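Participant: Sharing a structure with you now.
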């Protein structure tokens, strides 16, 4: 994403004025934000994948998910994560066989 | 909406949030994020050099939170665009028909609905697995995790 386009307007001096404790705080803050961003990224990817699977083309008539679509989305998330695990497990098995 | 907190604010509970006025929209769900405040950049540009260390920290945190919310909103919008264009405009004509426009609006709402369902399910699953990992222990992801 193009996050860098909108530079945050805080001067170098301002940053040098930060106390060590606040610098640590900020570092933690950044880590938490990074985690949050990864997490949201996953949700975006999952939503797209599952939307494609669960909402059939040309069938959009309501702004809400039908109960069928909704349970499809729920299942989709669950099975996607199961698949992820299954792939990892199999990979581990292949690695051990070598 | 249920997981509104995911769009920011959520994890900064420990830090002092006495920063400027930019927290007003940070607890919005996708449905409210689709109507962003008029000028998201206005409160990012800071007033000329600000006082104490903690004030600077707060300012930085506010700016970072806002940037990250903005990126998330942009990303959601671009996904909606991609997927709903795909769904609603199968044979692009000289202009968008009213049927296509209605479809786009409906699709957008549905997509956001789907986003909420996915995010709820995903969080629940992570929490379940987290609890299994440390069964016997405290359990759960400690709530405030994300």
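Yeah, the Cβs are placed from backbone N, Cα and C, and that goes for glycine too.
Computed from a predicted structure; not experimentally measured.
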Participant: In TrEMBL, which of B:1-55, B:56-110 is tagged region 'Disordered'?
Facilitator: B:1-55
Participant: Along the domain 'Tim10-like' (B:64-122), what average pLDDT does this model show?
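Facilitator: Per the prediction, mean pLDDT sits at 95 for the domain 'Tim10-like' (B:64-122).
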